[in-house]
Amino acid sequence: SDDLSFKFKNFSQNGKDLSFQGDASVIETGVLQLNKVGNNLPDETGGIARYIAPIHIWNCNTGEVASFITSFSFFMETSANPKAATDGLTFFLAPPDSPLRRAGGYFGLFEDTKDNDSSYQTVAVEFDTIGSPVNFDDPGFPHIGIDVNRVKSINAERWNKRYGLNNVANVEIIYEASSKTLTASLTYPSDQTSISVTSIVDLKEILPEWVSVGFSGGTYIGRQATHEVLNWYFTSNLINTNS
């Protein structure tokens, strides 16, 4: 079988296991910061961090698709009005050579389009802190959504977002290949509040055989927030029936 597992209890500034695009970096505290904030930045900023090794997500010879589990903790900080702070973060699967695309509410994964574009070959779970119905065809509230080749989610659940280091969120995302079910759950351990979203997603129809996995985040001028990942665990299992 084609298995891959890795675990970051925290992140290292001189680690060699992540690659970065845009504003993503590991900061001194051992936290993966997905975007910068500050005065001398463009209107939309964002970044991507991905695991350096590609993941074999399906096998074109056998048709087998991998199941995977990933879990991570994140928090967000803002000096803006928290209600208006933008834009959120994602966990994604995409081609290993995919570029950093439009930042801000497109999370570096998509361009300025509402159309489903299969050339993106991207599946993401978004933690959208604003939910703009005008720009993104979104529900008009913060939400956790599952995105397939576009920034508009195919399914979304309302999310009462929280800011500050005392509001760490724990996330678990599970893909069950046999049922093609992708489920994302977020829990605030401080009070055990939990929400989850699930969709049927056929990874073989959407993704290339080999993908990269990682995080992206974005924000917008005047309503800036940072999106910071504290730890990350990932494991995938692709059964090779003909081996």
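Yeah, the Cβs are placed from backbone N, Cα and C, and that goes for glycine too.
As given in Swiss-Prot:
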- Asn10: N-linked glycosylation site (CARBOHYD)
- Asn116: N-linked glycosylation site (CARBOHYD)
- Glu126, Asp128, Asp138, His143: Mn(2+) binding site (BINDING)
- Asp128, Asn135, Asp138: Ca(2+) binding site (BINDING)
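Ranking the binding-site residues Glu126, Asp128, Asp138 by how many other Cβ atoms lie within 10 angstroms of each Cβ puts Asp138 at the bottom. Distance noted between the C-alpha atoms of Asn116 (N-linked glycosylation site) and Asp138 (Mn(2+) binding site) is 14 Å.
Take the glycosylation sites Asn10, Asn116: by the count of other Cβ atoms within 10 Å of each Cβ, the lowest one is Asn116. Asn10 (N-linked glycosylation site) sits 24 Å from Asp128 (Mn(2+) binding site), taking the Cα positions as reference. When secondary structure is read from DSSP and collapsed to three states, Asp128 (Mn(2+) binding site) falls in the strand class. Sequence-distant contacts (6 or more apart, same chain, Cβ under 8 Å) of His143 (Mn(2+) binding site) comprise Glu126, Asp128, Gly131, Ser153, Ala156, Glu157, Arg158, Trp159.
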